[in-house]
Amino acid sequence: MAAAAGEDSIERKLYTLLQEARPSESALRAAAEAADAVAELIRKVPAQQATPAAARGFVRDLGLASEKLEFTFRPPELVQVAGSLTAGTVARPDVAADLLIRLPKECFHEKDFLNHRYHAKRCLYLCVIEKNLRSSKKIHKISWSTFQDESRKPVLHVYPATEIAELPGFYVRIIPTATSLFTVSKLNLSTRNNVRAYTKDGINVPTPKYNSSILEDMFLEENAEFICSTFADWKALQEASILLKVWACQRTSIYAHDGLNGYLISAILTFLAIDSGGSIINRSMTTRQIFRVFMSFLANSKGWARGLVIQPMKKRTVTKEDIANFLKIFDVAICDVSGHVNLAFRMTKSAFSELQDEASCTLHCLDKCRDGGFEEVFMTKVDVCAKFDSCLRINLKGNSKVTSLGFCVDDESWRILEKDVQSLLQQGLTDRTKMIRVLWRSTPSEWNIMDGFSEFGSSPLLVGVMISSLEKSFRLVDIGPNPENRDEAAKFRKFWGEKAELRRFKDGNIAESTVWESEPWEKHTIIKRIADYVLMKHLSLENEDLTHVVDQLDFCLLVNGKDPISSSGALLEAFDSLAKQLRLLDDIPLKISTVQPLDSAFRHTSVFPPEPHPLAYGKNSQRLPNLAKTCIPSLEVMIQLEGSGNWPLDPVAMEKTKSAFLLKIGESLEDRGIYVSPSEDEVNVLASGYSFLIKIFHERGLLLEKRAGDGSTQIAPSEDKVLFMRSQHSSMVNGLHGRYQMYGPVVRLAKRWISAHMFSSFISEEAVELVVAYLFLKPFPFQVPTSRVVGFLRFLRLLSSFDWTFSPMVVDINNDFNLKDEKEINENFMLSRKSYEQNPHDIERAMFLATSYDKASEAWTKHSPSKPVLKRMATYAKSSAELLTNLILNGQSGQYTWECLFRTPMSNYDAVVLLHQEKLCHPHHVLFPAETPNGKLVIWGKPSKDFHPYMPLSKGAVKSLHDARDKLLVNFDPTTYFLRDLKCTFPNTFKLWYGSVGGDAVGLTWENPKKRGREDADETMLEPTSILKEVGDVGKGLVRGVYLLKAPKLR
């Protein structure tokens, strides 16, 4: 029953998608009529002289003189609509009608296939058509573009004056064809040189790319007709083609000049539908089945190694030798209907490899993801920024390597540079990467044919790098050949230059090598250093020509130029030492059986894990520095005692017994030379440079809560319930970080962003950790992120796009869930949404996070964030994701910098409280001092003299170690206490927005009066300035200024 419902859901979604992607019949008729109108105008162009002056720059950049190019224009022999409009496979967003115009033989000489003369005349022919169409009132605009991004094959984009409402931006693409213009044997791919300037060691060599460029035009009509006849009256095939175009369009790096396009999708489908492709696709298949067959063929077929032939078996003229020849010359072979053209002659090995990788991933989504992977396959944008672990932009404008090549010989200079960059990076990065993708979209968005190719390649070349594994990526030494292998050693030294060095290794082996010394927290930059070095050395580039997006976000995780995560090893050693001592305590009534750390610093997800403090080293302290922090954070540690039946049943008595145990544990540790700061509420142990807050967990606390079962228990879970949740969470997240080393850095960036935009009061750090965990556990349609920048980008996109209203986020870290668990989670989710509908002002959880230890989402998001806060958070995330995407693709410009990702506008609050930075607990964590808001200053305050974040420890400043320790504030943060006091003083007046990491401002937004009860009436009557003055009084000594931006709306 459930399976049938799931199938219905998928079919409905696919039907809706097809309806949205495919224009209506009336729109398609209007498009066909518009194309016919343009065709009629072209047929009426009168005979006239075509001169090189019409495209002077284009002719010049092809390296041609003006003589031999002039000809008398004749109307085309044939003008016909072709492509997706005739095949029934038009798909949004790029809705265009292809108009094929057959070039007349009288305009060409039999040897015009030589030295780009055909390409020049082809362009001049289009210039005459453009000139005449411009004078027609039926035409709104004409622009120049290229065919498959090949600069020497321009096409015209003609925009009709009559717009089609359903197809905004519709245009007619005019594509010349060269049917029967030249003798095919003169364009033999493996033997003919048709560009005399193309030589190797002074000898002319074959020009397969150039020859294919002309052959493609010669058989364009025949191929278009055959594909169209295959698709005719075959609805499922047409719909599959549209779905495939939607799929490919979402994957920007495969839908490119050297990868897939609509024409090749149709060609491959045609191959699979005819006998030469084994008729794998037949008319009994559904649209979904055809889509899957296509993906399976792309990903797994051995036919690619043999080459594809789109020729019916009855008319087969292509021999095995012909196919072998294609495969010898090109990376991928798709032989056309004629047997003379390789339709995939532009496709590169790296593009095909990526295409297969994407197809494999799509098959996995179809099988493993919810709703047949509909969301992952069709609705998720798989762009370069979010897909590749690092992106490199290379500015090659005016580079000597480009200018020395000449624009076009056999291949274009831009394609040659793509191959050179690919080769250099593969040689330099070796097995550190599993995929390198080089893309240079050379055609300018606005092209004037008179300018020739001067503006081509002005945009940066883009490289996407996918890391094979962090172990290989972080490797410090690359071992080269043995010096006895002289030829290989010489090649190695020539490639690496000054970086090559001869080293003796521990096993006694001597070899050439390169060494990339790096601090532990900077190992993720090794890839960047290698790539930059190799490209600068071999392509004569300057440092400013390269922008490698790897470490641009590191600034927000550093303290004094160093990442405090580097002291995590010392923290874990300190914890192990304390745990050992706790377990060895034998003078307490019950022995300690379990010691578990709970703080995020232990699971590598703390933005700034604490560094060792000089006053936290027990009785035998280290030598003291001149200055130390006044505050030391305490890291929570949970302990369990061995079993006993004497524990009290009363909750209050149980807590008192726990306090007694903690005090006794503190005494025992003090007797062993450890410094302890005890109180009835908590016991803080200062050991090995850190402060640990000890908490006791007892399972009976969970049972007591279950027995109580009243409303108050649900609202405020017992201390034991909270400890249990936190211990389960810590264990799972720690295990996840063990599987994915990049998880920790991504969480740290996510928490830094949450804090920077002042959402810390509404979402717990555990909730942030679970949202990031979801990215790693369910990465599809991507691979698991192995870089912090791409992980952070995906976090922002997930936060902004996840359907929080109608879907629970199920985070199954240990793969524990079965169908029963999933059913229970869905029931809990529906219950939460039902209560929300009944009472929309209630503070029901808007963010439902289900885990194995919390299937009802009660632990971290039961009361917060609310729906309006989550909506605001999603809006901020969307804006940040768009900015980050733009920064990766285009770099910084003007006010839009990397720092902007962590700057938040103060104008979005009703009032703003600015704090004295020098009175914060950790002033060095402030990323950017909060800007003074554009509002009315209500009150300003002087900084307190009673607190300073640093205390001097020199001999004159403190009398003794004991005196210094007395001044140490354990687990104290003035901002936290200020916020707590504000919540107590104004429980329903306003919402508090702040950043828990480096926040020096607090935002206030007035609560909706409808939500307030009658008991708050007096509070409501107060003037906003009076309230804000009181806010300043509450934070006297810490508050720098309080600003009113918007007064509350009183109803």
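Positions of Cβ are set from backbone N, Cα and C atoms, glycine also.
In TrEMBL, annotation is done automatically, which means it is predicted and not curated.
Feature annotations, reproduced from TrEMBL:
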DOMAIN    98-230  domain 'Nrap protein'
DOMAIN    236-381  domain 'Nrap protein'
DOMAIN    386-540  domain 'Nrap protein'
DOMAIN    563-714  domain 'Nrap protein'
DOMAIN    740-892  domain 'Nrap protein'
DOMAIN    907-1041  domain 'Nrap protein'
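Of the two recorded stretches, the domain 'Nrap protein' (98-230) lies close to the domain 'Nrap protein' (386-540), with three or more CB pairs under 8 Å once pairs fewer than 6 apart in sequence are set aside. Looking at 236-381, 386-540, 563-714, 740-892, the range that has the most CB pairs within less than 8 A of the domain 'Nrap protein' (907-1041) turns out to be 563-714. Per-residue pLDDT, averaged over the domain 'Nrap protein' (236-381), rounds to 93. Secondary structure by DSSP for the domain 'Nrap protein' (907-1041): 49 helix, 29 strand, 57 coil. For the domain 'Nrap protein' (98-230), the DSSP counts in helix, strand and coil order read 47 helix, 36 strand, 50 coil.
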